[in-house]
Every structure is written in structure tokens, then in C-alpha cells.
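Features reported for this protein in TrEMBL:
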ACT_SITE  HIS247  active site, proton acceptor
BINDING   TYR23, TYR127, ARG162, HIS247, ARG250  glyoxylate binding site
BINDING   75-77, SER104, GLN125, THR153, LYS223, SER245, 278-282, 301-302  FMN binding site
DOMAIN    1-348  domain 'FMN hydroxy acid dehydrogenase'
Amino acid sequence: MRKWLQDKEIRAIESLDPDVAHYFTRGCGDDLVATEAPEAWRARRWRPRVLRDVSRIDTGVRLWGDWRMPLGVAPTAFHRLLHDGGEVATATGAAAAGVPFVLSSRATRRIEDVAAAIGGPWWFQVYLMHERSVTKALVQRAERHGATALVLTGDTPYVGYRASATGPRPLPITDDDALINIAEHLALDAGADPWPLIDQDPALSLTDIDWLREISDLPILVKGVLHPADAVACVDHGADGIWVSNHGGRQFDRAIATADALPSIVDAVDDDIPVVVDGGVRDGLDALTALALGARMAFVGRPVLWGLRTAGAAGVQQVLEEFAADIRHWAGCAGAARTADLDRSYLV
Ligand SMILES: Cc1cc2nc3c(=O)[nH]c(=O)nc-3n(C[C@H](O)[C@H](O)[C@H](O)COP(=O)(O)O)c2cc1C
Ligand SMILES: O=C(O)C(=O)c1ccccc1
């Protein structure tokens, strides 16, 4: 089932400026982790069940929203580098497919416009910026416009080292796009550089979960967790969910694959704390493997970006529909009439 996606990826990459293609495709360092991620899901073997009436298959999941399948769209930055519609197009495709859309703090379309395009629940990804008042303003805008959860990204104290394709050239993104949600919250002199104020603050710590709790009533997931002790610490600090991720291999090039990290984190936290996961999920069976290992949902980053690049909102929806059909097919063949019932007994 992966060939259609690989073909789309190739078409998307071929149509892009090399630096832009590089930004979206690559991991960091020597790209070890980004390359390993899909293989780690595929390495798992199943014991499919038989004689279990799979004439009807329920793939629904409730998690700060009612979703059609246990798959969602991970937060990624700068969609207008891929398509004029930017995050509005991506969100429209995700909403049409009935899955959660997570809007990045580094979005290139206005929060209000994205929320209106979705017309239902969505989640907001939080980067803690040096200037906390900007983060606070974004969080409160997201909450006002229908976000139902916050995803605090913890794995990006410094942005991972990613050499560009053609040398040290900045991405061809304008400040109008990059600061579209941010500029109004900054009181800057003309010509002043905003980035020292709005880059991620490496002082980010557990107490920032408490801070988010003070400024917002929304549930908080912490994203980028790979160590079970961190999962426990986040929950002790009031996190409502854990998002196992290595940032698509973009942050720490010798990090554990998320497929390998997931079970120990599920085991470390109480059953009522939802754990979700991303990284290298490239077909329905990858997503179901994540569920069998204890995740409530799996998320995809790059696959939807190839859909966005090749056909805008319709392309995003089409990618997600392929995943939906694949999830349904493999759940049936695994003997799981309800994907929410998958557990480790299905795996070797
Ligand atoms: C181009 C790109 C930009 C990203 N931007 C963000 C971001 O703004 N915030 C964030 O929390 N994660 C970001 N991520 C990480 C994704 O949320 C996710 O963890 C990762 O892409 C999942 O792996 P996959 O692409 O293999 O599916 C980004 C990933 C990519 C590829
Ligand atoms: O590129 C990324 O992965 C990412 O998370 C990011 C970090 C800072 C600015 C824009 C995107």
C-alpha cells in the first residue's frame, strides 16, 4: 500500500525548490532516525485472529473530539511553502476526512481562518517562545476559536541541525507568512528582528505545564516524549496526555524509534492517560500496530504534506481516505471489529 504514497512524495519533491523539498523531507544530522522510523513499525509481526465476525468494522475514536479513525494530522510548519491555501487547505482536507488537525505555532495562515475552515474541534500545537506573552496570546486565541486540546512540544529546545540542500540559505518564506499570527502580539520598532523574541525558549521545563494550565482550561498533551520517566513526570505535573514522538527524526539523530519507545511509555502511565504517537506511520497497518502497542491514535506528518503539495485540500483528504480504507481493511483481516479493542495480544 505504500507505493501510491511514495509516488506522491516523489511528485511533490520534484515540483519544489530544492531547499524547500529538503526542509520538508529530511530529518537531522545524518538522517538515521528519519530513515529508521517506518521500518520500526514494519518490523512488528502479528497474530491475526480468526472467526470473529468482522462484517462491520468500527474505527471511531473519541479524544477531545469524535474522530472517524484513529489517525490524525501532526503539526507541521509553513504550509504556504507547499500550497497557497496553506494550513486552511490542510485543515479543510483533514476536517473532510473526519480526523483531528493539529495547527502548528509556526502556521502561515491565520488561526481564525483555519478554525473557520474546520468548523469543529481541532488541536493547537504550542511552542513556548522567549516572549511568553506571545505564546499566551496564541493559546488564548486558539481556545476562543474552538481548539479542544493543546499540544506542548517539548523536544525542540534548539531546532535540530539540518544542513540545507544548497548551503546556508534561509527558507524562501516571507515574514508576512511566518509571522501571520504573531506580528500583532509584538510591539517592535520598524526593522527590528522579531526572532530573538519568538524563537523557542530552551528554558522550557515541567513548570511550563503549570503555566499553561493557569492561562488555559484546555487539556494539555506533551509532545516529543521518548523516556518513560518523562512521561510520568509530565503526568505528575498535570499533563492530560502524552504524545510519543521524535519529531520525525528532525531533532535528535540517534533517538529511539517511536515504535520502540511506545510500549514502555504506555506501561509507565495510568491507563486513563491517553498516549498518542507519530513518526514514520505510512500505512494503515502502521497505525494499527501503534494501537496494538497501546496508543489511542497515531499521527502523520509528511504524508499529508505530499497531498497538500500535489492537490491542496482535496489532496490532503485523498491521502487520509487511503489511510482510512487501509485501516479498515487490515483491521478486518486482523479480526478486530473495533480498532479501539486492539491490544498487545495481537502482536508477537
Ligand atoms: C516539515 C516539518 C515541520 C514540522 N513542524 C513542526 C512544528 O511546527 N511543531 C511540532 O511540534 N512538530 C513539527 N514537526 C514534527 C511533526 O509534528 C511530527 O512529529 C513528525 O512529522 C512525524 O513524523 P512523520 O513526518 O514521519 O509522519 C514537523 C515535521 C516536519 C516534517
Ligand atoms: O521544522 C520543524 O520541525 C519545526 O518544528 C520548526 C521549528 C521552528 C520553526 C519552524 C519549524
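Here the Cβ of each residue, glycine as well, is placed from N, Cα and C on the backbone.
GLN125 (FMN binding site) is surrounded by 25 other CB atoms, counting those within 10 A of its CB over all protein chains shown. In this structure, ALA77, ARG250 are the binding-site residues from ALA77, LYS223, ARG250 whose C-beta falls under 6 Å of some atom of ligand 2. Between GLY280 (FMN binding site) and TYR127 (glyoxylate binding site), the C-alpha separation comes to 22 Å. Of all the Cβ atoms in the protein chains shown, 25 others lie within 10 Å of the Cβ of PRO75 (FMN binding site). Under the three-state DSSP scheme, ARG250 (glyoxylate binding site) falls in the coil class.
The subset of recorded positions (TYR23, ARG162, HIS247, ARG250) lying with their Cα within 10 Å of the Cα of LYS223 (FMN binding site) consists of HIS247, given in sequence order. Least packed by the Cβ count within 10 Å, out of the recorded positions ARG162, LYS223, HIS247, is ARG162. For the domain 'FMN hydroxy acid dehydrogenase' (1-348), the predicted model reports an average pLDDT of 96. The Cβ neighbour count for TYR127 (glyoxylate binding site), using a 10 Å radius and every protein chain shown, is 20.
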